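Working notes, beginning with the structure itself.
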Amino acid sequence: MCGIWALFGSDECLSVQCLSAMKIAHRGPDAFRFENVNGFTNCCFGFHRLAVVDQLYGMQPIRVKKFPYLWLCYNGEIYNFKQLQKQFGFEYQTLVDGEVILHLYNRGGIEQTASMLDGVFAFILLDTANRKVFLARDTYGVRPLFKVLTDDGFLGVCSEAKGLINLKHSASLCPKVEPFLPGHYEVLDLKPSGKVASVELVKFHSYKDEPLHVACDTVETLPSGSFDLETVKSNIRILFENAVRKRLMAHRRIGCLLSGGLDSSLVAAVLLKLMKDININYPLQTFAIGMENSPDLLAARKVAAHIGSEHHEVIFNSEEGIQAIEEVIFSLETYDITTIRASIGMYLVSKYIRKKTDSVVIFSGEGSDELTQGYIYFHKAPSPEEAAEESERLLKELYLFDVLRADRTTAAHGLELRVPFLDHRFTSYYLSLPAELRIPKNGIEKYLLRQSFEDSNLLPKEILWRPKEAFSDGIASVKKSWFSILQDYIDQQVDDLLLEKAAEKYPFNPPKTKESYYYRQIFEKHYSGRSNWLPHYWMPRWVKATDPSARTLKHYKSSTQE
């Protein structure tokens, strides 16, 4: 995890513009570099480093003797860089996994480069010999990327939007900053003036397609075309374990978020097992957050005791949560209701990890609910086919919601997040299964995933079959949900008259509740006029819901025994 920033064709003094690069300093607390591009005085790169691999030669932009005309700034981890080196005979100059991007590009161009990377990434690649700039982002947008491109060819690129919104440019008072689409790369021509012109935007990978890099994966070829239940369950276990294994690549201490729900518990259990297998000589630290005696804290305690992790509990009260709202919204760059609610706990636990421990590489369970149909409202799906379509829609929009939350809340405290449920090969296999296999069964969501690990003894049975608890609800007590606590506080902060006139003040995605109005006010304070970053609020489907919380749905039954 790090922060990348680049400008091409700036009309303003770069020493002034580079102040914007400091807005993402939290993403790389270990080192900073600002470098001009030879021959293009108005083009530059900025880089904030979190040193996870190659402590000596890991600074960016990456340049190697073999390709003096290539400049690379990237944020992410490429898990198959050693396999690609072996397959194509690449000669690396550093231990940095991202160096493979330069070699792949030199060998086969940008299309092959983006398609062959197994990992999470956002990168800016400059080829001064051919006068091209390339931008690319991983399939699910696990690593963030924003860009601004003006009519006269000024390009700004950054890991977070906050590093672009205050850029100075003579031709535009308020350039349009927008997220770069996941699973795409863009080709731009670099003019002698340093300005650019977009040539094409290409979708290089769809999450349903088996990725090209499977050809050099470490896992053997799986039985294909067979949907025999035992074969399917075995394949799910093999691919999930492989997804966790490849993400062990780190020179810094590994930890794991643990809510006590199915997803984070599976990640933690498999992670600890694999760490033992490769003789990592420190205990796995697991981290749970919640209010006193919340369901998540109690469940996480059971899991930690079962797997034998060094467990940390972060207990917060409603005042601490409420006080964090504004800094959370500033970090997130969104006003989505459920994203903000769920982010407060994740932000506070990340803050604790940074201050109180030496864990830096943090595993988490994001992506499972979207992939394996874990949300409560999937019980109401009209058909398996519609449930499958909804799952795909959620995956496509992850970069706007859960993946955004997971990245910003951890990156705000200089941590690197790893999400094995969004492994390319694992997700493409799961999505290839018949729709009727993936739906909730017997009133239990994620039935197939639970079934696949039933005989593994990785988790206690009551955790493996624990019903879905939304993270923003599970961190509070059973008697009063976190969303109810927030609403009670905000009810006193927003006048009824303000809410009545909300649609006039905020015509795009107008707030319908005092809570959403309160969040929108804070968002507009920091990112005025940028409401289009969120195309729509996250809400459940197939139910008449007025609130995104799982606890408002009829299917949900809270129980102190969960």
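Each Cβ is built from the backbone N, Cα and C atoms, and glycine gets one as well.
Over in TrEMBL, the protein carries these features:
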{"type": "ACT_SITE", "residues": "C2", "note": "active site, for GATase activity"}
{"type": "BINDING", "residues": "D97", "note": "L-glutamine binding site"}
{"type": "BINDING", "residues": "L257, I289, S364, G365", "note": "ATP binding site"}
{"type": "DOMAIN", "residues": "2-191", "note": "domain 'Glutamine amidotransferase type-2'"}
{"type": "SITE", "residues": "E366", "note": "site 'Important for beta-aspartyl-AMP intermediate formation'"}
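Ranking the recorded positions C2, D97, E366 by the distance of their Cα atoms from the Cα of L257 (ATP binding site) places E366 first.
Residues near G365 (ATP binding site) in space but far in sequence (CB under 8 A, at least 6 apart, same chain), listed by position: L257, S259, G261, L262, D263, S264, S265, L266, V267, V419, F421. The Cβ neighbour count for E366 (site 'Important for beta-aspartyl-AMP intermediate formation'), using a 10 Å radius and every protein chain shown, is 29. Of all the recorded positions listed here (C2, S364, E366), C2 has the Cα closest to the Cα of the residue listed as 'L-glutamine binding site'. Note: C2 (active site, for GATase activity) has non-local neighbours R27, G28, F47, H48, R49, L50, Q60, N75, S159, i.e. same-chain residues 6+ apart with C-beta under 8 A of its own C-beta.
Counting every protein chain shown, 25 other Cβ atoms lie within 10 Å of the Cβ of S364 (ATP binding site). Overall, the recorded ATP-binding residues L257, I289, S364, G365 cover a maximum inter-Cα distance of 15 Å.
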